[in-house]
Amino acid sequence: MSLKITEECTFCAACEPECPVNAISAGSDIYVIDESACTECEGYADSPACVAVCPAECIVKA
């Protein structure tokens, strides 16, 4: 299970501080999710926190 950030990312940075496992970081043009680290917030929240705060709705299942 993992998520990814699509090219629609606006580089707003809302998602990065929401990740409890620090799987989100700034790429060159968009934020990226380390798919090997992403847990979709299992054990931390009922649903992925980054998805809830993304204004561009660009965080999807990998």
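Backbone N, Cα and C atoms are what each Cβ position is placed from, and that goes for glycine too.
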Annotated companion of C19, C38, C41 at the [4Fe-4S] cluster 2 site, Swiss-Prot, chosen from C12, C50: C50
Using Cα positions only, nearest of the binding-site residues to C19 ([4Fe-4S] cluster 2 binding site) (C9, C12, C54): C54
Integer Å distance between the CA atoms belonging to C41 ([4Fe-4S] cluster 2 binding site) and C12 ([4Fe-4S] cluster 1 binding site): 20
For C50 ([4Fe-4S] cluster 2 binding site): DSSP state (helix, strand, coil): helix
Euclidean distance between Cα atoms of C38 ([4Fe-4S] cluster 2 binding site) and C9 ([4Fe-4S] cluster 1 binding site), Å: 18
Structural state census, the domain '4Fe-4S ferredoxin-type 1' (2-28) (DSSP three-state): 3 helix, 6 strand, 18 coil
